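The structure under discussion appears below in the form of structure tokens.
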Amino acid sequence: VLTEDDKNHIRAIWGHVDNNPEAFGVEALTRLFLAYPATKTYFAHFDLNPGSAQIKAHGKKVVDALTQAVNNLDDIPDALAKLADLHAEKLRVDPVNFGLLGHCILVTIAAHNHGPLKADVALSMDKFLTKVAKTLVAHYR
């Protein structure tokens, strides 16, 4: 459950992320592909170089979807229902990958934070990203 403090932390941090969604998304995806090379199999048709148009576009899509979740913190499942159906029914992405991407997003946030990421803020973001991953995984049942 996201508390009001969690929601405030998430909105504050996400304001920085959403200022440059393409670049942030590219960095998070690049981290994902480097740390977890098996995730590249879902993007075999992409040019996986960080500067490629495909990675830039997909990185922006990822951030835009998370922005939609941030804008609907009280009903993330409804906000991400279509995206969850797409990944479960059409793309058939292994659900473990949502947690891996969430971790890479959190690392990217920490890397761009001015100074150390405070523990309470990091915890709020982790709770949010976990809730997003659980929302997406729920459509696999």
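Using the three backbone atoms N, Cα and C, a Cβ is placed for every residue, glycine included.
Bear in mind that the values here come from a model prediction, so they are computed numbers and not experimental data.
So that you can see what the record holds, here are the features copied from Swiss-Prot:
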type    : residues : note
DOMAIN  : 1-141    : domain 'Globin'
BINDING : HIS58    : O2 binding site
BINDING : HIS87    : heme b binding site
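The Cβ of HIS58 has fewer other Cβ atoms within 10 Å than any other of the binding-site residues HIS58, HIS87. Broken down with DSSP, the domain 'Globin' (1-141) shows 106 helix, 0 strand, 35 coil.
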